[in-house]
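Engineer: Below is one structure. I have some questions about it.
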Amino acid sequence: MSSVSPIQIPSRLPLLLTHEGVLLPGSTMRTSVDSARNLQLVRSRLLKGTSLQSTILGVIPNTPDPASDAQDLPPLHRIGTAALAVQVVGSNWPKPHYTLLITGLCRFQITQVVREKPYPVAEVEQLDRLEEFPNTCKTREELGELSEQFYKYAVQLVEMLDMSVPAVAKLRRLLDSLPREALPDILTSIIRTSNKEKLQILDAVSLEERFKMTIPLLVRQIEGLKLLQKTRKHKQDDDKRVIAIRPMRRITHVPGALADEDEDEDNDDIVMLEKKIRTSSMPEQAHKVCVKEIKRLKKMPQSMPEYALTRNYLELMVELPWNKSTTDRLDIRAARVLLDNDHYAMEKLKKRVLEYLAVRQLKNNLKGPILCFVGPPGVGKTSVGRSVAKTLGREFHRIALGGVCDQSDIRGHRRTYVGSMPGRIINGLKTVGVNNPVFLLDEVDKLGKSLQGDPAAALLEVLDPEQNHNFTDHYLNVAFDLSQVLFIATANTTASIPPALLDRMEIIQVPGYTQEEKIEIAHRHLIPKQLEQHGLTPQQIQIPQVTTLDIITRYTREAGVRSLDRKLGAICRAVAVKVAEGQHREAKLDRPDVAEGEGCKEHLLEDGKSDPVSDTTDLALPPEMPILIDFHALKDILGPPMYEMEVSERLSQPGVAIGLAWTPLGGEIMFVEASRMDGEGQLTLTGQLGNVMKESAHLAISWLRSNAKKYHLTNASGSFDLLENTDIHLHFPAGAVTKDGPSAGVTIATCLASLFSGRLVRSDVAMTGEITLRGLVLPVGGIKDKALAAHRAGLKRVIIPQRNEKDLEEIPANVRQDLSFITASCLDEVLNAAFDGGFTVKARPGLLNSKL
């Protein structure tokens, strides 16, 4: 744009005060507006204006940034630039501000400030509305020489730039098309100059003065380019370039000056990264992608956001274990010993691991199986996965999936997103550093689902042996072979696992422990671990097996051993206090009035009884005397028993029966209570029951009504119509727990039969099974867990469906010896087994025979 402004600016202009940058006529600048005065100017003048005149501002440079807008107007620079506001962009982050794109029109001089608030307005005099050259011959000759000299330097500078031929030609045409008097302002704004130098050019109202001040700036720029070209011939370093014009490139390094250490280190890292790519054993497709990305990285300025993203991507690619693996230990005998030492029981699980080792001995390229351990909490599913990795000699990595509801956690984020990263599978491989680790996918049944996708669906490819050799993470965007990874998933139940995902896994049930197994686990693993954690030794505390049994039966009721472990920890803490007190109070123990051995009353007596620990609260034990924990000590440490054998008490009247239920926490016993009263034949069900269990109750009452005469069942008035003038209420205790499922059918029928017959159900019997309207008993699941629950509760007889007889083989031998299992195919057999003396059938009346 020419210095000779084609626009007549208003005589009164609003002033935009800037403290960074200098706008010259003919140049364009972006500036941020965040002070109160400037914000008022933008909102009142630019955003509400409707004419061209309203978009013209007076830009005053070098204005001090005020500490507060409430202060008086700071001193203003005498010369400013009239500017045209081309664009206004607003934002509220991190605070309200506007970004203006303004173009300089001409110089002006402030004659008088007419208003200071809400934004300053001044009377101005437009400058540099001059003729192109003055009329006097001498001045015209001087300006002509200066103009030619300036133009020559400008052309020389353009031709020395490291640019393509078309770009240089375009700049030449631009120089030729602009008026000579406009060139000083325009070139000053685009070459490397300081704000102080630009301010001097702005103050130079005379055209001759501007030429004289600008020519040295061009010469300085040209000399710098010459020096750079001379250095390049010797060093052949194409990475360090000097670009003079700001919109294109900048001088990043001046030859002869000290090199930027960070830049040199970064260049060294890129060289090392390129070397790692060349020497890596990644597949051909991944290698091509890395070569392409490293070429892009070399051409990027370090200030670009994509530079860091690309570098992180390449570093991940070279760190992944594409072909690095560990050698499996295939000694089956050693593996069996290791598994037995780490875990007690779990024979089915150990058998499957040994089978895998045996097949690996016969076939080296066997694909890793996809195992899923299903069982209640606390039975050791996660620790077994760690033991499997230890047995195989592989690296172990656990991935917690509980609550994960974003498929990107599995597949990763695409690199187009800010903060993108690989998924947990690829990140886990990077962590372990080998391509054949043992991955434990913990709590796979607790995966969520959200708007970000379904992570269970993303696992389909990971857990499919036919597909995971070509697994593609969104972040990598190249295939990675997962076929050598041994995936082990854990779950409490298979009900919440999608069928497609469940079909890809080999399910191995991990049932709860029996009381005998818990005692062995406690004395083999839990007690030594707690002693070590609390700094105790076996010489300081002794927990006999009978005490462990009391903890299991009276203070815990679970399928696993977590609560047992916590109770043992509480005992160790209490003993640690006694031991610590004894170490600090040994002098007290040597008092003459204390007889020998009187301070250790915790030892068991000959008849098996002992004095409680609380007897010695006033007298601490010496550290060498062991403390024996018995039931009385348990009451002092753990409080009164939480569970009692109350089965016989709760079955002391008709209308109560015991059922067996399965939960994700293991098997449980379940009481069913029934009561009848005068009414209109309604059936009331309480206890948070699901639809299936409600239907089982209706089936049971319908079967009993149809067989009332057969068993001589009557209501209170003696009628065989059991619901005639009678209401029935069925209740399932523990009302806060949701209950559902068909396996309570036989229990409900037995409970109602007890109610209407007035007979007591045996107090040592529990039952499970689904019923039909015709009285058949159908098979149910979870027989082993239910049997263990009956065994824990001290029951002696368990009634199961006849078609579940095959499941008895999974029950431990000691449990089968303690329990009497009765199989039933119909409700008649169930009732006969549930009542003492059987449930007799009334004889049918004789039938009339006719013979012709």
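The backbone N, Cα and C atoms fix where each Cβ goes, glycine too.
Below are the features I grabbed from Swiss-Prot:
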- SER743: active site (ACT_SITE)
- LYS786: active site (ACT_SITE)
- GLY375, PRO376, PRO377, GLY378, VAL379, GLY380, LYS381, THR382: ATP binding site (BINDING)
- 13-222: domain 'Lon N-terminal' (DOMAIN)
- 651-837: domain 'Lon proteolytic' (DOMAIN)
- SER2: N-acetylserine (MOD_RES)
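A description of the local structural setting of each listed feature is requested, covering burial, neighbours and distances.
Structural biologist: Remark: SER743 (active site) has GLY659, LEU660, ALA661, TRP662, THR768, GLY769, GLU770, VAL780, GLY781, GLY782 as non-local neighbours, by Cβ distance under 8 Å and separation of at least 6 in sequence.
Taking the Cβ of LYS786 (active site) as reference, residues of its chain lying under 8 Å away and at least six apart in sequence are, in sequence order, LEU660, ALA661, TRP662, GLY667, ALA766, THR768, VAL798.
A simple way to gauge crowding: the CB of THR382 (ATP binding site) has 17 other CB atoms within 10 angstroms, across all the protein chains here.
Note on the domain 'Lon proteolytic' (651-837): mean pLDDT across this stretch is 91.
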Engineer: Within 10 Å of the Cβ of GLY378 (ATP binding site), how many other Cβ atoms are there?
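Structural biologist: GLY378 (ATP binding site) is surrounded by 19 other Cβ atoms within 10 Å.
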Engineer: Counting Cβ atoms within 10 Å across all protein chains shown, which of the binding-site residues PRO376, PRO377 comes out on top?
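Structural biologist: Compared across PRO376, PRO377, the most Cβ atoms within 10 Å surround PRO376.
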Engineer: For the ATP site given as GLY375, PRO376, PRO377, GLY378, VAL379, GLY380, LYS381, THR382, which other residues of the same chain have their Cβ within 8 Å of the site's Cβ centre?
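Structural biologist: Along the chain, the qualifying residues are PHE373, THR490, ASN492, VAL510, ALA559, GLY560.
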Engineer: For THR382 (ATP binding site), which of the three DSSP-derived states applies: helix, strand, or coil?
Structural biologist: helix
